[in-house]
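Undergrad: Got a structure for you, written out below as structure tokens; questions coming shortly.
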Amino acid sequence: MSVETFYDDDADLSIIQGRKVAVIGYGSQGHAHALSLRDSGVDVRIGLPEGSKSRPKAEEEGLRVLTPAQAAAEADLIMILAPDTKQAKIYAEDIAPNLNDGDAIFFGHGFNIRYDLITPPSTVDVAMVAPKGPGHLVRRQFVDGKGVPCLIAVHQDATGGAQALALAYAKGIGGSRAGVIKTTFKEETETDLFGEQAVLCGGASALVQTGFEVLTEAGYAPEIAYFEVLHELKLIVDLMYEGGIAKMRYSISDTAEYGDLTRGPRVITASVKEEMRKILGEIQDGTFAREWVGEDQAGRTTFTKLQNEGAQHPIEEVGKKLRGLMSWVDRPITETA
Ligand SMILES: NC(=O)C1=CN([C@@H]2O[C@H](COP(=O)(O)OP(=O)(O)OC[C@H]3O[C@@H](n4cnc5c(N)ncnc54)[C@H](OP(=O)(O)O)[C@@H]3O)[C@@H](O)[C@H]2O)C=CC1
Ligand SMILES: CC[C@](O)(C(C)=O)C(=O)O
Ligand SMILES: [Mg+2]
Ligand SMILES: [Mg+2]
């Protein structure tokens, strides 16, 4: 393999246990990192503004909660896990004035460094530990003795120890149980944005909604359509996760496999691939980043409208009803926070 991959034996937990860590933000990733680092014997404090709705959640877990500026001043490693669009302001107002030479600034995603929204001084380490999975699963896997794979990258190595520090951090959240791959801020940012837009979130959601619409508009029961295009998707993806597309194809009927091989390319056509290339181009040339930061600064009107439309799609109503009948499926996302 051309990538460098690290596992538990390659990482020294004592390095991160010797640091004072501030986790800025206590959302999906923040709660997972903070709780798992604490469980790994690391000295953690949380940085959240007064009045943040995340404060009671962190306090209920017995974590010490300070303002972002206080947490940054006290710590010598600051992990920024606030929303990407808020990080530049937090950095400028709360973190930069409290940095000392030799401190480390960590990110869970490379957005603000890749698009030059944050420029730390040359006297600090700048690194990334980016789990390749949603934060609630990062925590759940850690608690279950497993781990979500992570990417690490070093943007700036002021102390000479930035990579060892990032590896130790990744071990503290369970990442090196599954594998930690070394990359760059550029590669992580561009591939992560592409993956979530074209395949994992954007592509998959649009595929599921469109399949549901085609079936229900043709007169089939919404319940049956839901099971067919959403519920069973997880079971199919579980097989891909375990053994690739090959294992999924081994398990399905030959009727399904013939339909997969002949009809799949009719759904994901050459024009879809062309559109994916355009989406990648917009990520690479900064168009998406400018659009998203502008949308946030203008009050997120379009984002909120699209969120509401998505929440009102008929698949959500029938899904809520059906999941309510399966106690093992309707697992609250907040249970690890
Ligand atoms: N979601 C995920 O699974 C993944 C996220 N990432 C990256 O992790 C980072 C965090 O994303 P995510 O966990 O989704 O974020 P969330 O939206 O889930 O949580 C954001 C947290 O930041 C807090 N916050 C908001 N404003 C401030 C502020 N001014 N100062 C300090 N804290 C603030 C929020 O508090 P409040 O409750 O008050 O709003 C909340 O606790 C991003 O860089 C993202 O790209 C990377 C991999 C996966
Ligand atoms: C797939 C979405 C993601 O990139 C993630 C969970 O890894 C994110 O930004 O939330
Ligand atoms: Mg991701
Ligand atoms: Mg992402």
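In case you wondered, yes, glycine gets a Cβ from its N, Cα and C as well.
Automated prediction, rather than curation, is the source of TrEMBL annotations.
According to TrEMBL, the protein has these features:
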- His109: active site (ACT_SITE)
- Tyr26, Gly27, Ser28, Gln29, Ser52, Ser54, Gly135: NADP(+) binding site (BINDING)
- Asp192, Glu196: Mg(2+) 1 binding site (BINDING)
- Asp192, Glu228, Glu232: Mg(2+) 2 binding site (BINDING)
- Ser253: substrate binding site (BINDING)
- 1-183: domain 'KARI N-terminal Rossmann' (DOMAIN)
- 184-329: domain 'KARI C-terminal knotted' (DOMAIN)
Undergrad: Listing them in sequence order, which of the recorded positions Tyr26, Ser54, His109, Glu228 have their Cα within 10 Å of that of Asp192 (Mg(2+) 1 binding site)?
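TA: Near Asp192 (Mg(2+) 1 binding site), where near means Cα within 10 Å, the recorded positions are His109.
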Undergrad: List those of the binding-site residues Gly27, Gly135, Asp192, Glu196, Glu228 whose Cβ lies under 6 Å from any atom of ligand 2, in sequence order, or write none if there are none.
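TA: Listed by sequence, the hits are Asp192, Glu196.
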Undergrad: Please report the Cα separation of Gln29 (NADP(+) binding site) and Glu228 (Mg(2+) 2 binding site) in Å, rounded to an integer.
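TA: Just about 31 Å between their Cα atoms.
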Undergrad: Just checking: which of the binding-site residues Tyr26, Gly27, Ser52, Glu232, Ser253 have a C-beta under 6 Å from ligand 1?
TA: Tyr26, Gly27, Ser52
Undergrad: To the nearest whole angstrom, state the Cα distance for the pair Gly27 (NADP(+) binding site) and Ser253 (substrate binding site).
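TA: If we compare the Cα positions of Gly27 (NADP(+) binding site) and Ser253 (substrate binding site), the gap is 41 Å.
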Undergrad: Measuring Cα to Cα, tell me the gap between Glu196 (Mg(2+) 1 binding site) and Ser52 (NADP(+) binding site) in whole angstrom.
TA: 27
Undergrad: Tally every other Cβ atom lying within 10 Å of the Cβ atom of Gly135 (NADP(+) binding site).
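TA: Around Gly135 (NADP(+) binding site), other Cβ atoms within 10 Å: 22.
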Undergrad: So which of Ser52, Asp192, Glu232, Ser253, listed as binding-site residues, have a Cβ under 6 Å from an atom of ligand 3?
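TA: The qualifying binding-site residues are Asp192.
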Undergrad: Measuring Cα to Cα, tell me the gap between Glu232 (Mg(2+) 2 binding site) and Tyr26 (NADP(+) binding site) in whole angstrom.
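TA: Just about 32 Å between their Cα atoms.
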Undergrad: By CA distance, which of the binding-site residues (Ser28, Ser52, Ser54) lies nearest to Ser253 (substrate binding site)?
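TA: Closest by Cα distance to Ser253 (substrate binding site) among the binding-site residues Ser28, Ser52, Ser54: Ser28.
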Undergrad: Can you tell me the CA-to-CA distance separating Ser52 (NADP(+) binding site) and Glu228 (Mg(2+) 2 binding site), as a whole number of Å?
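TA: If we compare the Cα positions of Ser52 (NADP(+) binding site) and Glu228 (Mg(2+) 2 binding site), the gap is 40 Å.
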Undergrad: Which binding-site residues from the set Gly135, Asp192, Ser253 come near ligand 4, judged by a Cβ under 6 Å from any of its atoms?
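TA: With ligand 4 as the reference and 6 Å as the Cβ limit, the list reads Asp192.
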